[in-house]
Every structure is written in C-alpha cells, then in structure tokens.
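**Q** One structure follows; several queries about it will come next.
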C-alpha cells in the first residue's frame, strides 16, 4: 500500500516535503494546492533551488498537471481550504504547509474537501504536537489534525529527552542561531508586531522570540516549565544551531553525557538524532536528514551539573523529512499502511 498525499502551500517546506517523498516508497504525492504559484512556475521552483541544488529527477508540466519522475500530480489554486478537491485527487493525508492554517479549526477545513487527516508543518496552539523520536507513541488514530511542531523543537526535543532521561534537567535555557527564513525582509521594512524582525535579513544579527523551548514541555511533559529560550536570526540561507544550557539534576562528566547521546543516536533515536565529533560548520549540514546532530566537540562544561550542549539542524530539509516520517507513522497506526 501507498499513502496518497496532498500538499497545501508549495513554499520552502512544501517543495522539500515533495522532494523527501520521492525517496520514500510508502508515500506518493497526488495533489498540490497553491493559489499563488501557477503550474509552470511550480516546475521551475521544484527544479531549481539555491540551497539544495537542482532536483534529482524529471519535472515537467503536462495536461494541466505537475509530472515528477513520470508521476502526474493534480494541481489546484484554491484560497479557501474547503474548496480544495483532495477527495477527487485521492489525497487522504494532507500536509498543511502554508503557515496560515495552524489551528485545529482552520486546518480541519481540509477535511471538508475529502482529506482524512491533516499534518500541520508548524507549531499549533491547540492541535496535538508530535516530534519523531520523542512522543510518537502518544499518537491516536482519532486525531484528525496533528502538528509536527517547529524545526527548532524537532532539534531540541530529542537532545533534551536523552539528557533528561539519563541525568535529569532541573531547568535550562536555549538559544537557536537560526538561518534566514521567508518571512524576513531583504531591506528594512515595516514589521509592526516585531520591529527588529523588519530589519534587513542579510545585514543583521536579529534577536527574536521563539516558542520552541517551551513547546518541548508539550511533547515531554516532564520538562514543562523547565525550558525557555530565544533566537538570533543570522544572514545565512539555511542550517541552524541550538545552544542548550542546562542545570542537571544528577552530576555527570562531559564524556558521560557524550556517551549517552552517542548511544541514543545509534539505537532508539537513530535517524532522528545524529552525532559528530568532527570540526564542522553550518554548511556541512545542508541536506542533513536528521532532526538534530549533536556536536560533541563544541559543547562545554563548567561543573558536573552545569553544561552547554550544541546541536545542528537543517531547518528546511531535516524538518521536511520529519513531516513525512510523522505522516507515515500516523498512516501505519491508522491502518492505511
């Protein structure tokens, strides 16, 4: 069996989700909706990518459809999610990647068009949130709308889980040094809710808020209220890095901490949490499929209970692969695979 998938919003995440499905035998994209990108432009945007390079396959427009590696994908341009013909295209699972319909009520509009389940590729205020490697066991088939949380939560939560399970986290602060995203400005412009966020992305390091650390408490209840954090937006096109500084409940040497993370990366969190001791920099992680790669050589320890841990993530590619993994997990639990 193959899960038939629809994508609403053909932006950074939507396009990379499609790329990720091309190497996953359990998933096939059958429909894409985007009111702002006509078919010929979809071909161009999928084929060429400044960060991730040219698409490794064939892409063309034919008979009003997007044809990827010989497979025809229905295309629509509806602004109202209730009007998207998911049912007629056979799309049972829909990836909601516009960044607009992020609540259960808003995302549920896709169900009216024939979708059976919606995966939001963003944090949600009220939809159940899941992070691969952390809390997938909490998923229930009765959920019609679920969230894959944020790219930063996907990086932070696996690392936090390993540390908390082995040593306990009394409390901690996170900083993500985050690559530029599409919502930022190329030159100074109006941004009424976030004045700093309106400054030129390529010319500034911009302090910003993030709910990623607090969201860890939603997927790891034992850490609820124990973590918070902030972001610095920096002038790089992709790949971000988490700096997690924690007070441990149980003292440990840095070697013991590294060993616990390495063990998890090779067993329970293989494919989600990576491990490296090389002298790496951000560009080394473009195209990284893990949610989080622990940088063993970059962390520092002050006392046995006070430590700074560093983890890299491709905020586009790794996250998009987890969207697909979450979808596949849901489909298996639902009996669709």
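For all residues, glycine too, the Cβ spot is worked out from N, Cα and C.
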**Q** The NAD(+) site in Swiss-Prot includes 12, 13, 79, 315. Which of 34, 56, 295 is also listed there?
**A** 34
**Q** For the D-glyceraldehyde 3-phosphate site that Swiss-Prot assigns to 150, 151, 152, 210, 211, 233, which of the candidates 181, 267, 268 is also assigned?
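**A** Given 150, 151, 152, 210, 211, 233 bind D-glyceraldehyde 3-phosphate in Swiss-Prot, the matching entry from 181, 267, 268 is 181.
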**Q** Measure the Cβ-based neighbour count of residue 152 (D-glyceraldehyde 3-phosphate binding site), defined as the other Cβ atoms within 10 Å of its Cβ.
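**A** For residue 152 (D-glyceraldehyde 3-phosphate binding site), the count of other Cβ atoms within 10 Å is 26.
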**Q** Show me the subset of 12, 13, 34, 79 whose Cα is within 10 Å of residue 152 (D-glyceraldehyde 3-phosphate binding site); these are the binding-site residues I mean.
**A** none
**Q** In the same chain, which residues outside the set 150, 151, 152, 181, 210, 211, 233 have their CB within 8 A of the centroid of the CB atoms that define the D-glyceraldehyde 3-phosphate site?
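**A** My list of surrounding residues reads 176, 178, 212, 231, 240, 315.
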**Q** Cα distance, residue 181 (D-glyceraldehyde 3-phosphate binding site) to residue 12 (NAD(+) binding site), nearest Å?
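**A** One finds 9 Å between the Cα atoms of these residues.
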